[in-house]
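See below for the structure under consideration.
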Amino acid sequence: MSIVKAALLVVLGVVCVSSAFPGVWRKHHPDVDPRYKEWAHFAISSQVENRTNFDTLMTLISVESQVIAGVDYKLKMKVAESTCVIGVDSYSKERCYLKVNVPYMLCTAVVNYMPWEHKTILKSYDCSDRVYGVKSAE
């Protein structure tokens, strides 16, 4: 066997094995599993500090998962202010409509899901500053 073929087999083996290791972030299509958007809304609904209105999900941009004490899901999303008032309304993805012509933020939430306990925990939530932009048909 030539050196090139042997090297190629080693590289392919490492790639195949590393994708199965716990702790490695794996990409998923955002529309494959409806739970991804549920977890995005769960993360968004917890953000009430220094806000008068809840934000709501505009677009779920990307999803990655990592197996560590359950499964961590890294959700990258575009969010903007909704019509629901904090302290008056309860957050609901069905009732909290996106306000018109409001700036949006790019946010990343890490949600931990423990399927054996049916438990979801928000581990982190970070956003960019609010910016105005053209609302695309995503």
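In case you wondered, yes, glycine gets a Cβ from its N, Cα and C as well.
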According to Swiss-Prot, the cysteine among Cys84, Cys127 that forms a disulfide bond with Cys96 is Cys84
By the count of other Cβ atoms within 10 Å, pick out the sparsest of the disulfide-bonded residues Cys84, Cys96, Cys107, Cys127. Cys127
Neighbour tally for Asn50 (N-linked glycosylation site), based on other Cβ positions within 10 Å of its Cβ: 5
For Cys127 (disulfide bond), identify the closest of the recorded positions Asn50, Cys84, Cys96, judging by Cα separation. Asn50
